[in-house]
Structure formats: structure tokens, C-alpha cells
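Worksheet: one structure, shown below.
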Amino acid sequence: MERIAVLAYSGGLDTSCCLKLLEDKYGYKVVSVCVDVGQPEEEIKEVEEKAKKLGVLKHYTIDAKEEFVKDYIFRAIKANAMYEGYPLSTALARPLIAHKVVEIAEEVGAEAVAHGCTGKGNDQFRFETTIRIKAPHLKIIAPIRDLNLTRAEEIEYAKEKGIPIPTESKKYSIDENLWGRSIEGSELENPDFVPPEEIYAWTKNPVEDKEEEIVEIEFKEGVPVAINGEKLEPVELIKKANEIAGKHGVGRIDIIEDRIIGLKSRENYECPGAVLLLTAHKALEQLVLTRDELRFKEIVDSLYGELIYKGLWFDPLREDLDAFIDKTQERVTGTVKVKLFGGTARVVGRDSPYALYSKELVSFDEKEIDQKELAGMVKYHGLQAMLYEMRKKRK
């Protein structure tokens, strides 16, 4: 009986070497899986062709774009999910990819699943945690990490096995899905190196933006449903948000990020649609939620982002947090106007049938609130600080 390993396959050097290593070093027949979460269409086709040329038993291409948006991105929006200023585009997709790989592994009766992650990055945690949660009986193999291979050793092995290598090695490592694009490697590893314009593909150079644009985002119970009055299907809405914000240079992110294992890394991202939608969503929450709800939700949102980053999407705590978040989102319905210009996204208007803002109460020209009645409240505001100061003076 054939021993089968299912490989999460991207078509890059790491996973292509994994494919052959699984055959040579581990004795497996390989089934490859590419999960489409918004990569370029031509890349998806190239991956399939390459897998077949390298002799896989079978290759699966799974279109998971709609599931990614509805079950992952929309939940991240409702949670204002960020990690150290980054909208979690790469991290958010990994549990879904790993879950799909597990489903194929169970379908084909595989003994093992494999990935091409190295030992220094975050993805090893994200893939393996999901796999162990969903299918603890499956063996996990990470050839690049487990064999401690360097990039040079991988290239040498690829030449030996006839794995196609571009004549010019890719300068940067790029990961792309509907929620964003990450660029790393080469000179970008120097935190003082100024990124060249060539690394960007989704966003226009902000200094070249000559005309501002006001875009209106409509939300229903925390989920974006329309842009500029046009109702859009989930995948199309995210694509549209990326397109509109990207042409104004919105969503360029350059940060020093704390990885799971403790390393600090320099990361560059393009997340135009994410920045636009998260900015609008947060503004609408400020209009409809109470002060105490907002304060507590900030804590929940921060924890939610950390769970995503650490690969704990399927942890029960995430479901618990969703229960609270979903309750708050019942009133997050309305529209937000965002001005886009020169790399910035600035909220300039918001409206909701659930708004807690009252023009009559807040206006200096109205008498809905009897100002005299506030004197007593003001008198005892900061009472503990006053008592503390009195005690100090007695000493």
C-alpha cells in the first residue's frame, strides 16, 4: 500500500524541494494542494503545471476565496484585527490553508501532511497548530526545517533533482492574498534600508497622487456590504477596496515585528483595502457603541489579533471572543465616508440609525441639557485625586 503525504504547495523553491525530499528521504508518494486565497491567477496555473511536472500523484487546486472573505476577513474586520500595526493578511490565511490540506489528507487516506516552512518564521506554528487541532493522528513533516537546509543547499538540491529554478533568483520573498501582500528578504532585512519603489505592486507612490477621493463604505452588522452605494459580493468588495485605496497609495506598512519565537523582523506590507475597511469600521463603532463597550472591545480586539498572529484561529477562546464581538456588531450598521489622498485614509463623515451622537444635546445653541445641573457633577469629578493631594500636604 502506498504511503501518501499531502503537501501544502506554493510552487516556490522551498515547497518544490519538499516535494522531492518527501519522495527521496521519507519514502512518500506526494499529493500536492494549492489553496487559492487570492493569489494571481497566473500563479495558480503555474503552480499546478509545476506540481505535475515534478511527478505528484495528484494535484488539487482549491478555490477558497469566498470562504476566506466570509469566514475569516469579515470576522477580522468586526474585531478590528491588527498585530503591531499590521492587518494580519498572511497570518489570517494560514489556518484556512492548513485546514484545507487536512481535508484533502483525510480524503485521500494520507499518513502525513507536509509544509515548506523554515524554523525561523511564524508559519510553522500556524500550520502545525491547525493540523494538530483538526487531525492529531496525521504525522507532520517539515523537510526544510527538520533537515536544517540553507538556501544554498536547497538550490543545489533543486539542480540535482531537475527542479526548475529561475535564472535570476527572486530578489524578494512575496506572499499575496485578498487581504494583503507581504514583501521581505534581500536588503529589506536591514531595518535602516529605505525600500525601493519596485517592491510595491498594489499601491501607487503616494507622492504621485494628485487628486483626493471620498469613498463611502456601507456596513451591515459590522460587515462591509457596499462601496459608493454599489452592493458587492464579498470577494468583489475586497478587490474593489484594494483597487480604490491602492490608487491613492493607502496601505503601505513598514514595521519591526515581534515574531512568535522572539525574533524581531523587518516587514513590509501592502494592505490598501484592509486599511480602508478597518478605518471605516472603527469609525462607525465609535458612533454607535458606548464608551465602556469601546474600551472593553479594544482589549478583546487586541487579544483577537494576537490569536490570529500566533496561529490560534481554532482555539476555543477565539469563538468566545466572537460571541462578544457579534453582539456588539448588531448595531454597527451605517455608512462611513473616507477621504483618500497621498497615502492617507481619513474619515470625514459617518451615519447610522443606531448613532448615539445627538446634535441637539451636544450643540452650544440648544438647551436640551440644563447646564446648571452639571455643577454638582463637576464638583466631585477627580475626588480621589483631590483627597490624595490633601493627604500629601498634611505630611
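Using the three backbone atoms N, Cα and C, a Cβ is placed for every residue, glycine included.
What you see is a predicted model, and the numbers here were worked out from it, not measured in a lab.
Site annotation (Swiss-Prot, ligand ATP) includes ALA8, TYR9, SER10, GLY11, GLY12, LEU13, ASP14, THR15, SER16; from GLY85, GLY109, GLY116, the additional listed residue is GLY116. For the L-citrulline site, Swiss-Prot gives TYR86, ASN122, ARG126, SER173, SER182, TYR269; the one candidate out of GLU107, GLU160, GLU257 that the record lists there too is GLU257. The Cβ of SER182 (L-citrulline binding site) lies under 8 Å from the Cβ of SER89, THR90, ILE174, ASP175, GLU176, GLU267, ASN268, TYR269, each on the same chain and at least six residues away in sequence.
With the fewest other C-beta atoms within 10 Å around its C-beta, SER10 stands out among the binding-site residues SER10, SER16. In the structure as shown, the Cβ atom of ARG126 (L-citrulline binding site) sits within 10 Å of 27 other Cβ atoms. Least packed by the Cβ count within 10 Å, out of the binding-site residues TYR86, TYR269, is TYR86.
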